[in-house]
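Undergrad: Please see the structure below; I have some questions.
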Amino acid sequence: MSNFEQFQLDFYQSNYTIDDQEEGCESCGSNENLSGSTKTQTGEQPPAGAFAPSDMLLSSKNYTGQILQPAYSPNTLPHLGYADGFDEEPPLLEELGINFEHIWQKTLTVLNPMKPADGSIMNETDLTGPMVFCLALGATLLLAGKVHFGYVYGISVIGCLAMHALLNLMSISGVSHGCVASVLGYCLLPMVILSSSAVVFSLQGIPGTLLALFIIGWCSLSASKIFTSALAMEGQQLLIAYPCALLYGLFALLTFF
């Protein structure tokens, strides 16, 4: 055991003494006292060059509100985006592009070919009415025993593309695809009347042929009138009415045969 104790003493032998430790503690304590004194001096006497905003100094004097109830400031309301409320917000249907007043005016314009068309309203890309009239045409054909929904939509797409290309070549300002689809779709309303009459009686014969020709002329006249007013193409109504008559003649063949 004596050898083991001697080995420990030799192994852990160092030059570090208690006196050095005490001196180190005293120096640490003096440093802490020095830093503490400097902190108290800086806390009690702030530097002369420090900047203190006047708003912070006067905020406690000017504050007149209560706890959890800040003072009312009318200058902050104009900066809020929702200060005016929801009274001036447009209706949801108008934001979605559905305006029943414009739909009704377009429908009346189609039903009365002699009525002058409003170019500002007819130049809108409103597809609500055309979709309804296409569904109505397919539904009335279905009542007559003809499942032609694919033909209706296929002829509509091809006709809109052809008319868009033709009108861009004829007009100076040009026209969008949505405007062409909207006008051609609204003018499909008389064709719905023809398909509805095919449910009641057969169109085979002279009366049915005359009715189909009348409906074709009605649709083409309404569409050409709207296009000339919306695109400022005065004097070109007959040139536009001819391709429109060819397009609506295809729809008439669906209801006739």
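Here the Cβ of each residue, glycine as well, is placed from N, Cα and C on the backbone.
Those TrEMBL annotations? Automatic predictions, nothing curated.
Annotations for this protein, taken from TrEMBL, read as follows:
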type     : residues : note
REGION   : 21-50    : region 'Disordered'
COMPBIAS : 28-44    : compositional bias 'Polar residues'
TRANSMEM : 151-171  : transmembrane segment
TRANSMEM : 183-203  : transmembrane segment
TRANSMEM : 209-227  : transmembrane segment
TRANSMEM : 239-256  : transmembrane segment
Undergrad: Mind checking which residues of the chain, 6+ beyond the ends of the transmembrane segment (151-171), have their Cβ under 8 Å from one of its Cβ atoms?
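TA: Distant Cβ neighbours of the transmembrane segment (151-171) are 134, 137-138, 141, 177, 180-181, 184-185, 227, 231-233, 236, 239-240, 243-244, 247, 250-251, 254.
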Undergrad: Six or more residues out from either end of the transmembrane segment (239-256), which same-chain residues have a Cβ under 8 Å from its Cβ atoms?
TA: 137, 141, 144, 146, 148, 151-152, 155, 159, 162-163, 166-167, 170, 184, 187-188, 191, 194-195, 198, 203-204, 208-209, 212, 215-217, 219-221, 223-224, 227-228, 233
